Amino acid sequence: MQQIMVSGTVAFLVSIFLTPVLIRYFTNRQLGQEIREEGLQSHLRKRGTPTMGGIAIIAGIVVAYVFTNILAMIQGVGGFTVSGLLVLGLTLGLGATGFADDFIKLYMNRNLGLNKTAKLVSQLAIALIFGFLVLQFPDENGLTPASTHLSFIRDIDTIDLGFGGSVFGIIVFLIFIYVVVSAWSNAVNITDGLDGLAAGTTAFVMGAYTLITFWQFRNSCDTAVEAGCYTVRDPLDLSVLCAAGLGATLGFLWWNAAPAKIFMGDTGSLALGGLVAGISVVSRTELLMVIIGALFVIEIASVAIQIGVFKTRGKRVFKMAPIHHHFEALGWAETTVAIRFWLIAIMAVLAGVGVFYSDWLHLAEV
């Protein structure tokens with residue numbers, strides 16, 4: 001528990017103090033967010049607001065994770081693990097993609113940033129590397145960071161995406177990992193359209209997973225094989241990483257809350273999406289994450305529905321997509337939408353954690 005608290009605190013401090021440095025840097029160089037003319041008129045006032053604040057979030061996560069594990073190694077109570085490093089690598093890889101996108105927008109005056117092909121290839125390569133590596137590095141018990149089984153609260157034994165390790169099965173698994181990584185990174189990116197919305201929602205999700213992975217650590221099958229135990233390779237280190245994600249997003253949210261002094265940009269949203277995706281895979285809770293991260297699911301689903309219906313029927317389901325803009329178009333104030341969506345996110349988190357804990361109670365009583 002001490003490691004988790006240290007990680008969250010360090011991440012928060014790094015993020016909350018580094019963010020204003022970035023605000024001053026980008027403001028002095030007159031580098032800010034461009035706002036589309038065809039968008040909501042109320043958002044035009046945000047033109048010129050500094051972006052790329054995700055740098056502070058990533059820095060907070062990295063510094064906290066590294067510092068906490070070095071401290072743990074000195075104290076002889078833990079250290080870096082393969083699972084944590086792989087998720088961190090996924091986060092950094094997608095963060096680098098987002099950074100390139102933001103850099104092109106700001107410094108090369110190309111408002112669309114990376115072209116779709118470059119972004120797709122980058123996400124695909126990062127996801128495939130992550131998907132391959134999470135099946136490597138077995139521990140002394142033969143447990144790898146992830147398995148080819150689909151997972152809800154733990155692996156679902158009857159659904160093996162790897163088809164017993166066949167070449168076809170591994171390809172199917174890698175495709176699945178790409179879908180997971182792409183979906184979550186784009187979902188967080190799409191949600192980042194209102195002041196504080198993506199940062200706040202991610203903080204709720206990371207808070208939930210800090211508890212979930214710590215509970216997996218306390219009830220690990222490595223220490224005692226009993227009803228309700230969890231076969232997760234490195235749950236404590238994952239909890240440390242989740243706490244870093246929680247602290248970093250809260251520190252950034254201090255400056256990103258309405259009216260935002262800075263936006264996280266693709267640098268932050270893609271990185272946080274990678275963190276969400278990676279944690280769901282290595283904690284073996286891919287389907288549970290759909291409940292806990294339901295607001296992200298709603299946001300990306302609204303875009304898919306809008307595009308699908310418009311292309312097939314020539315009609316729009318929402319006034320604007322993603323759905324948070326729909327409510328703004330109805331006349332809701334931006335802060336009203338953000339806070340109500342936070343409430344939805346909190347309810348989703350509570351529901352997901354409740355399902356997780358109820359499962360353990362049920363198995364523990366059997």
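The count begins at 1 with the first shown residue.
Placement of Cβ uses the backbone N, Cα and C atoms for every residue, glycine included.
What Swiss-Prot records for 3-23 (among others) is transmembrane segment, and it gives sequence analysis as the kind of evidence. Within the chain, the transmembrane segment (3-23) has long-range Cβ neighbours (under 8 A, six or more residues past its boundaries) at 50, 52-53, 55-57, 59-61, 63-65, 67-68, 71-72, 77-78, 210, 214, 236, 239-241, 243-252, 254-256, 261-262.
The transmembrane segment annotation in Swiss-Prot covers 54-74 (among others) and is backed by sequence analysis. For the transmembrane segment (54-74), the residues of the chain that approach it from at least six positions outside its boundaries are 3, 6-15, 18-19, 22, 80, 84, 88, 91-92, 95, 98-99, 102, 199, 237, 240-241, 243-245, 247-249, 251-252, 264-272, 275, judged by C-beta separation under 8 angstroms.
Same-chain residues lying 6 or more positions outside the transmembrane segment (76-96) and placing a CB less than 8 Å from one of its CB atoms are 3, 54, 58, 61-62, 65, 69, 123, 126-127, 129-130, 133-134, 137, 145, 181, 185, 232-234, 236-238, 240-241, 267-268, 270-275, 277-279, 282. What Swiss-Prot records for 76-96 (among others) is transmembrane segment.
As annotated by Swiss-Prot, transmembrane segment applies to 118-138 (among others).
The feature transmembrane segment is assigned by Swiss-Prot to 161-181 (among others), with sequence analysis given as support. When Cβ-Cβ distances below 8 Å are used as the criterion, the transmembrane segment (161-181) is approached by residues 90, 94, 123-124, 126-128, 130-132, 134-135, 147-150, 273-274, 277-278, 280-281, 286 of the same chain, each at least six residues removed from its ends.
Here Swiss-Prot flags 197-217 (among others) as transmembrane segment, drawing on sequence analysis.
Sequence annotations record features per position, and here Swiss-Prot assigns transmembrane segment to 238-258 (among others).
What Swiss-Prot records for 262-282 (among others) is transmembrane segment.
Summarising the annotation, Swiss-Prot assigns transmembrane segment to 287-307 (among others) and lists sequence analysis as the type of evidence. Using a Cβ-Cβ cut-off under 8 Å and counting only residues 6 or more beyond its ends in the same chain, the transmembrane segment (287-307) has close neighbours at 150-153, 183-184, 186-188, 190-191, 201, 205, 208-209, 212, 276, 279-280, 316-318, 321-324, 326, 341, 344-345, 348-349, 351-353, 355-356.
The feature transmembrane segment is assigned by Swiss-Prot to 341-361 (among others).
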For the transmembrane segment (262-282), distant same-chain residues with Cβ under 8 A (at least six beyond the ends): 19, 22-23, 26, 33, 49-55, 57-58, 61, 83, 86-87, 90-95, 97-99, 101-102, 113, 126, 130, 134, 145-146, 177, 180-181, 183-189, 191-192, 198-199, 202, 205-206, 209, 213, 232-234, 238, 241-242, 245, 249, 252, 255-256, 288-289, 293, 296
